[in-house]
Amino acid sequence: MSNNYSDIIINDNNNITLVLLPKGLWATESSPEWLNKGDNSWQLTATTMVGMQSVPGLVILYGSMVKRKWAVNSAFMALYGFATVLICWVLWGHHMSFGSKWTPFVGKPGLALSEKFLLGQFSKFGFVPMADFVYYEFVFAAITVILVAGSLLGRMNFYAWMMFVPLWVSLSYSVGAFSVWCEDGFLHDVIIDYAGGYVIHLSSGVAGFLWLGWAGFNGGSPFAANMIASIAILNTHICTATSLLVWVSMDMIVYKKSSVIGAVQGMITGLVCITPGAGIVDPWAAGIMGILSGSIPWYTMMVLHKKSVIFQSVDDTLGVFHTHAVAGLLGGLLSGVFAQTNLLEMMYGSSVRFAVSNGKPGGWFKQLGYQLEGAVFITVWNVVITSLICLLISRVVNLRMSEEDLEIGDDAVHGEEVYALWGDGERAPSSHRRWQMRPRIPSIIRLRRN
């Protein structure tokens, strides 16, 4: 017998079966029998794609969408948020979000750092190590915090942001994640939230990096390279493309011009809307969700916002309320309407019975009620907790930058400016222009010589 194969005897209904496995699939100390290498490799890939949405995705997007004087500050807020969430996540946040029950709303804080814990079998899906789960859920938490920053860019004192991030991820995000996603959460068995339309986008309430990264966002949620992952990725692209085209069409019909920023906004609302239902709705439903996500948030942002005194009094730099809160709520509600029973069973197992999958004619209507219940809880909790966090921070440092710093921008806050070695619009000294004729000399050396 070839050395590349191993004999395995399986007892299945008293029948003995001889199975020949390639050597690469043999169980080893670093690859136990329960580990599926295909699922594990896809999960690590999907998670990395999600992480790239934040770094460099949102770092670049924020730095390019705001005024030039806030490019450094905006990118830095995203970069700081990503790093800080990781430390909070492994020290206490993961267990608060997915650990053993402490209250109906949150788990007991605890470390997610031990080798025994991280290299153990992820019991919910069973074919990947727990380290995959910790890593995957961290990038979800990180992007949520960074999305919150989108409404604060060029406004919030950076020192206040440094305090805000660990407090918000601990007291706000972890509660939403535990309540909706954790098996012990009080909304887990009634709310359909496939990949975070409520937990992430409604609570936080990005182009190329983001669209691609979202395939990992939704495709990685089953924690397996299976059919649900496949349809989730396809639905993600269908909804997003439709939403983008609808948003651009609305701009052209109403304003007679197409806008690149508008196209990006339409892309984002499509990505956000499909997230809670990506793997549990049919492609035709994803198309309908794209039509609605390209039109309803467009209306709230481009029409209602300009007419409403309440909206105009809210300082939301990048319109996060419309692109994430409105689109996230829309996606959550539509997921309750369009969810398919067979896809729900594939994703959650036949033991989990949502109202929409009970076979009764009014099931989808009852499920819609549950989806609204979840939206109300997430919204109220985040409004209250975020307000309390801001009040607490304001007792220590000013939440908002001073008017003088707001006028100057990055140079006042960080002592740095973007896209300029010689200042903002200043001409380089003549001696520097002579050095520029010698490209072999590094710029940092030329600066020192002058």
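Here the Cβ of each residue, glycine as well, is placed from N, Cα and C on the backbone.
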Which listed span TrEMBL calls transmembrane segment, if the choices are 260-278, 412-430: 260-278
Of the residue ranges 44-64, 170-190, the one that TrEMBL records as transmembrane segment: 44-64
CB contact flag for the transmembrane segment (133-153) and the transmembrane segment (374-393), at least three pairs under 8 A: no
Interface-richest range of 44-64, 70-92, 223-248, 284-305 toward the transmembrane segment (260-278), CB pairs under 8 Å: 223-248
Long-range neighbours of the transmembrane segment (223-248), counting only residues six or more past its ends (CB under 8 A): 36, 38-39, 42-43, 122, 124-125, 127-128, 132-133, 136, 194-195, 211, 214-215, 217, 258-259, 262-263, 265-267, 269-271, 273-274, 277-281, 283, 285-287, 289-291, 293-295, 298, 343, 346-347
Sequence-remote partners of the transmembrane segment (284-305) [C-beta within less than 8 Å, at least six residues beyond its ends]: 234-236, 238-247, 249-251, 254, 265-266, 269-270, 272-274, 277-278, 311-312, 319, 322-323, 326-327, 330-331, 334, 338
